[in-house]
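K.L.:
This is the structure I want to talk about, given as structure tokens.
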Amino acid sequence: MDPSDEQRSASSSSHVFVHNPHLDAMKDDILYHFSLGTKTHDLPAMFGDVKFVCVGGSPWRMKSFIEYIAAELAMEDPKSDYPNICAGTDRYAMYKVGPVLSVSHGMGIPSIAIMLHELIKLLHHARCTNVTIIRIGTSGGIGLEPGTVVVTKQSVDATFLPKFEQVILGKTVVRNTDLDLSLAEDLLQCSKELNQFETVIGNTMCTLDFYEGQARLDGAFCAYTEKDKQDYLSRAREAGVCNIEMESSVFAAMCKLSGLRAAVVCVTLLDRLKGDQLSSSHEVLHNYQMRPQVLVGSYIKKQLKAKMQRS
């Protein structure tokens, strides 16, 4: 583990941190993949009130979430059309209502990492404080009924170790993938209060690939047997892994470095011990995919209500 990373993350407070001295010398920081910039946009005016950021893979899902949360919070007309703040680019989509920001991140570690670099800088330039960020998405479960929601305790790699590795200047840098346990427990409590679907806290395995990296038998290439697959997934389950996806490790590592309170909330679409392909109907899958939105929406609503009672 890089000791400097641990020291920086330990110094986190209510502010969003960037750890790059070169940014101070830049007259304009262009957030290229958002089509935003410090010189062309008033970021504090646009985003300074953001307290909750929700990120997910597809632009459609994140627009659906902002429409859902707007209706839940009764902040805007749920039938209105929410403009894509990143309309100047086709890389990511971004929507906002009140203190909630909804951003798509694409699929896999490289895509979400690029988005997070620019999102963290955006929140920093906007002088946001006390921000909570939650990834909502889908996953494959291990030994769980389809439709179960998993709140991640730790993100682990494909060898079941809680770490994220990145090669920087030819050297491997290892970063911590712990997430905010108190936030995970708050989300679990919200699910109990909702009493609509099963929710568990457990480890999430983050892989570099959807097929061979997740021990699937249905990819273009496969050099292992059904028994090999079952043995591997059984070892993962014994290591506390509840589900598999492709973004949580870098998400956890980067949020920890920037001082962001973070969680990962993913619904399982199938039990990987029983198969590799989705056979559920479109209606059932849509219902499953709404569950992280419902849970996170309930959490945000609860937090805002508590804040109003305190003020």
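Including glycine, each Cβ sits where the backbone N, Cα and C put it.
Heads up, TrEMBL stuff is auto-annotated, nobody curated it.
Residues annotated as domain 'Nucleoside phosphorylase' in TrEMBL: 51-300. Per TrEMBL, the feature phosphate binding site maps to ARG91, ARG135, ILE136, GLY137, THR138. What TrEMBL records for GLN214, ARG216 is substrate binding site.
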K.L.:
For ILE136 (phosphate binding site) and GLN214 (substrate binding site), what Cα-Cα distance in Å is obtained after rounding to a whole number?
P.N.:
20
K.L.:
Measuring Cα to Cα, how many angstrom lie between GLY137 (phosphate binding site) and GLN214 (substrate binding site)?
P.N.:
17
K.L.:
Greatest CA-CA distance (Å) over the residues ARG91, ARG135, ILE136, GLY137, THR138 that the record ties to phosphate?
P.N.:
20
K.L.:
Please report the distance from the Cα of ARG216 (substrate binding site) to the Cα of ARG135 (phosphate binding site), rounded to the nearest angstrom.
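P.N.:
Checking the Cα atoms of ARG216 (substrate binding site) and ARG135 (phosphate binding site) gives a distance of 24 Å.
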K.L.:
Just to verify a number: CA distance, ARG91 (phosphate binding site) to GLN214 (substrate binding site), in angstrom, no decimals.
P.N.:
26
K.L.:
Tell me the Cβ contacts of THR138 (phosphate binding site) under 8 Å, same chain only and six or more apart in sequence, or just say none.
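P.N.:
Result: GLY57, GLU245, CYS266, VAL267, THR268, LEU269, TYR288, GLN289.
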K.L.:
Name the residues of the same chain, 6+ apart in sequence, whose Cβ is under 8 Å from the Cβ of GLN214 (substrate binding site)?
P.N.:
GLY140, THR207, ILE244, ARG272
